[in-house]
Structure formats: structure tokens, C-alpha cells
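Student: When I checked Swiss-Prot for this same protein, it listed these features:
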DISULFID  CYS4-CYS16  disulfide bond
DISULFID  CYS8-CYS104  disulfide bond
DISULFID  CYS28-CYS96  disulfide bond
DISULFID  CYS171-CYS188  disulfide bond
DOMAIN    47-190  domain 'SCP'
Amino acid sequence: VDYCKIKCSSGIHTVCQYGESTKPSKNCADKVIKSVGPTEEEKKLIVNEHNRFRQKVAQGLETRGNPGPQPAASDMNNLVWNDELAHIAQVWASQCQILVHDKCRNTAKYQVGQNIAYAGGSKLPDVVSLIKLWENEVKDFNYNKGITKQNFGKVGHYTQMIWAKTKEIGCGSLKYMKNNMQHHYLICNYGPAGNYLGQLPYTKK
């Protein structure tokens, strides 16, 4: 794929700009990188946790919200892992621009959304605990308002996670030591993208 030819609303494609290598960049010099990329086991956990939560919401079992509960969904897809999405996410994760979104990450197939999470502690936070940070944003979500400029910063990770039309996910990660703490950094890319302003994340059942 010639990523330099892929169009986005702004910016140069991440893989065009940084190349295909997923080796941590010199920007990572202040960190002791322990591992690059999710393990096979973590890939399964990422997909399973997303689908568990998507089904919970789809079945109308998510009681949290502003107001809760969240309505059931009639059109929720199950997500599958996509290696291309994961590779693009990993190239970006390996730039060590912690908690910054890249500008252009689309594939030839579709526009691509993104969630980022990060946590540190005396022991390594596991991948599911990072995903739950996104799920917990449901507490601030009012389904009837959908995605607005006002609520996007508070609920955008949740809404991308449960965006019904999204079908594929691929994630990159870094595990590293800094200041005697173990850090886990996760970037998930989603296709087709969710989080269109003025839209609802799924069709109410």
C-alpha cells in the first residue's frame, strides 16, 4: 500500500510520514521500553472485551448514563481484529507522542477512528483495565443527544467503542518503565470510523 496516496481531511498519513518501522523512535529516549505491540493473548482480550461491552450495551444492560440506562441497539456489529489497522496504530504508538492522536490513519477501505489510553503503576496495568477507562465514559452519555461538540471530550472513547457500524479494530501498544513506574500505553484504531458529530452511535431497538 502506498500510504502517501491515502487521503485524509488533514495531515500526512502516519505511515507515509514515519515509515513502516514499529521500532520506538528517538522520541522515546526518556523511557525504558519493555515491549512493543500487544501479545496474541492481548489481541484476543482486546477484541473480546470490546464485543462483550458492545453486546452488553446492545442488549440494554448498561445501566449507567446521564441519564441511564442506555437504550438497547438493533444494529450492533461484532468487531474483528484487523492487522493493517494494528500496524498503523503501532507505527504511531512507537513515536511516543503520549496521548496525542495522529492526523491521518485511514486505509484504502475506510476512514479510521482512534482511542488512546494510558496508565502507570507499581505493577503493569493490564490491557482490559485500559479499555474499561473508555467504557466508564458511558456515565456522562445522554443517548438522545448523540455526539455533540460539548460532550465529545467526555464521551468520545465510549461512543467509538460502541459505534454500531464499526466492524474492525487493530491496536498498537508500548509497555515501558519511567520514574520507577510501569506504564502501559494503548492505541486502538477502528474502521469504519465512528464519532460523527450530530449522529447517534447506534439505532435504538
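Count begins at 1; order follows the chain as displayed.
Using N, Cα and C of the backbone, Cβ positions are placed for all residues, glycine too.
Please situate the listed features within the shown structure.
Tutor: Under 8 Å, Cβ to Cβ, and six or more positions away along its own chain, CYS4 (disulfide bond) finds ILE12, HIS13, CYS16.
Every protein chain shown contributes to the tally, and the Cβ of CYS8 (disulfide bond) ends up with 15 other Cβ atoms within 10 Å. In the three-state DSSP classification, CYS8 (disulfide bond) falls within coil.
According to DSSP, CYS28 (disulfide bond) is assigned to a helical segment. Spatially close to CYS28 (disulfide bond) yet at least six residues away along the chain are SER94, CYS96, LEU174, TYR176, judged by Cβ distances under 8 angstroms.
CYS171 (disulfide bond) falls within a strand segment according to DSSP. In the shown protein chains, 29 other C-beta atoms lie within 10 A of the C-beta of CYS171 (disulfide bond).
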Student: What is the total of other Cβ atoms whose distance to the Cβ of CYS104 (disulfide bond) is within 10 Å?
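Tutor: There are 19 such Cβ atoms around CYS104 (disulfide bond).
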Student: What is the average pLDDT across the domain 'SCP' (47-190)?
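Tutor: On average, pLDDT over the domain 'SCP' (47-190) sits at 98.
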Student: At the level of the C-alpha atoms, what whole-angstrom distance separates CYS104 (disulfide bond) and CYS188 (disulfide bond)?
Tutor: 14
Student: Per residue, counting other C-beta atoms within 10 angstroms of the C-beta, which of the disulfide-bonded residues CYS16, CYS96 reaches the highest number?
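Tutor: Top count of Cβ atoms within 10 Å goes to CYS96.
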